[in-house]
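Quick look at what TrEMBL annotates:
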DOMAIN    A:38-288  domain 'G-protein coupled receptors family 1 profile'
TRANSMEM  A:25-48  transmembrane segment
TRANSMEM  A:55-73  transmembrane segment
TRANSMEM  A:102-123  transmembrane segment
TRANSMEM  A:144-163  transmembrane segment
TRANSMEM  A:169-193  transmembrane segment
TRANSMEM  A:229-256  transmembrane segment
TRANSMEM  A:268-290  transmembrane segment
Amino acid sequence: MNATTASTTALMVNQSDCPEVEVPVPLFFTIGVVGLAENFLVVVAVICNRNLHSPMYCFICSLAAFNTIASLAKTWENLMLVFAGVGQLDQRGSSETKLDDVMDSLLCMSFVGSIFSFMAIAVDRYITIFHALRYHNIMTMRRTAAILGVIWTTCGVLAMLMVRFFDTIFIMTCFIIFFLISLVLIGCLYVYMFMLARIHARRIAALPTSGSGRGRWRRQRWRGGTMRGALTLTILFGAFVVCWAPFFLHLIIIMVCPLNPYCECYRSLFQLHVVLLMSHALIDPAIYAFRSAELRHTFRKMLLCSDWR
Amino acid sequence: MSDFHNQSQASARRSDYVWQYEYYDDEEPVSFEGLKAHRYSIVIGFWVGLAVFVIFMFFVLTLLTKTGAPHQENPEHAEKHHRPGSCLADNGSPQDENERAFSRPLLPESRSFFHFYISEEEQGQGKCKAEDQGGGAIQGQRARNRLGGVSSSGMEEMEEEGEESEERQPLQGLVDEGKSDRESAFLSHFNIPNFVNLEHSSTLGEDDLLLCEPSAMLGSQHWPLLM
């Protein structure tokens, strides 16, 4: 009697001590659908407006396309889970597992692809600033198309490999190391750009002035401008880290300490981390695409159905 | 038994999200006895660390802005600025070529940029046309943004720089005549490359565009016309 009560209490304790945090399905759907709509609009806007056929916008379009695929796959998966919960689908059916594999590979592809797109955007901005005079020779449309082709094929291949062999520790380690390397690369690129741009701005602010009042004004404007640059950079990089790091820590924890109770409690928050990942697809257009006046202008035209230019 | 079946079904459903979860369910359930710290200590520690990292990064970036106060005016730069100026560019010295080299990304951009530099130099030169102070003030910030790239308004200015260079192409024929006067006025008074030249050649050593492409830059002056 005592043994059974002890075991049942132990079972209950194990069930309730760090229960899996469930995110309501409507929230998943909302985030998925809104992210899908936003990113799809960005893709359509860049394709339709001829002024936006430049390398920078091609990379932003590619990022939006990857986010679209991620949102689509996630929403589709939610739909399937809802149907499975209701009982319409068989969990173990062969077609369902194949479909599940397809969705997982699409998700992996979009994750890796958006990281590659971030890196491409950072490199493109770097070349824009520090090799501005040769930018149009370095970054031609042909090279941009080649880079995008390489990114998309690599992502497709990696996605298929990852889904097939995800059980192996090696692939997961590679995934995590890839994420960390790209994080460091992107961070270094942006901080380097920021520091050199600050030096440029300082030089401008040190131009000879007619009076001390003017100089003070210029110093203040210089500081205000650089402060905004710091804020933009923090938002850019901070959003990337905050949205991606929890998921990757989850992967690390799965590999490193599967049986530790602390790690178990972290793993119970998995759905929240997936929500964060999906919301990154949501806020990406706000950080990258909507900062551009031309794109906003195109959006307004598209959404208000006014005459096309 | 049915409880266990439901549990495995629930975990199988969760396995749609992460394919490893079910794998660990097969083993012994994790024991929560005798935990020293709070259950969610990893979660709390992770988020606190992340918040600290982001805030630390922001403070480092803003500290960079605060400690980088502009230098006092150097007498050597003063004499270069107060060069007796005509409104036309002279073609001999490498200084002018560097100016042209550095001014190249600015040429396709808006005229307000020229207004800024012309207004900045007005007290020294007085021979060239100067725009009014009010316009120069607002345009000055935008101009500084363009030159500074990231430093002001962050990426927005960089993107505007890129997109305006694309937008200008269809309009080049129309605004060229207006621009050429401003270009020549602008080129003779634009002295920033003196600073950038020293900085780049000493610390970076990689940005050769200011030093090694004078002939290309001479041609690039006509870039707006060609496009």
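Heads up, the Cβ atoms here are built off N, Cα and C, so glycines get one too.
TrEMBL: automatically predicted annotations, no manual curation.
Same-chain residues lying 6 or more positions outside the transmembrane segment (A:102-123) and placing a CB less than 8 Å from one of its CB atoms are 56, 59-60, 62-63, 66-67, 69-70, 72-74, 76-77, 80, 147-148, 151-152, 154-156, 158-160, 162-163, 178-179, 182, 185-186, 189-190, 240, 277, 281, 284, 288.
Residues 57-58, 60-61, 64-65, 67-68, 70-72, 74-75, 78, 81-82, 275, 278-279, 281-282, 284-285, 289, 295, 298-299, 302-303, 308 of the same chain sit 6 or more residues outside the transmembrane segment (A:25-48) yet have a Cβ under 8 Å from a Cβ within it.
The average per-residue pLDDT of the prediction over the domain 'G-protein coupled receptors family 1 profile' (A:38-288) is 83, rounded to a whole number. Taking every listed stretch (A:55-73, A:169-193, A:268-290) in turn, the largest tally of C-beta pairs under 8 A with the transmembrane segment (A:144-163) is reached by A:55-73. Proximity of distant same-chain residues to the transmembrane segment (A:268-290), defined by a Cβ-Cβ separation under 8 Å and at least 6 residues beyond the stretch ends, is recorded for 18-23, 27-28, 31-32, 34-35, 38-39, 42, 60, 63-64, 67, 70-71, 74, 111, 114, 121, 235-236, 239-240, 242-244, 246-247, 250, 296, 299.
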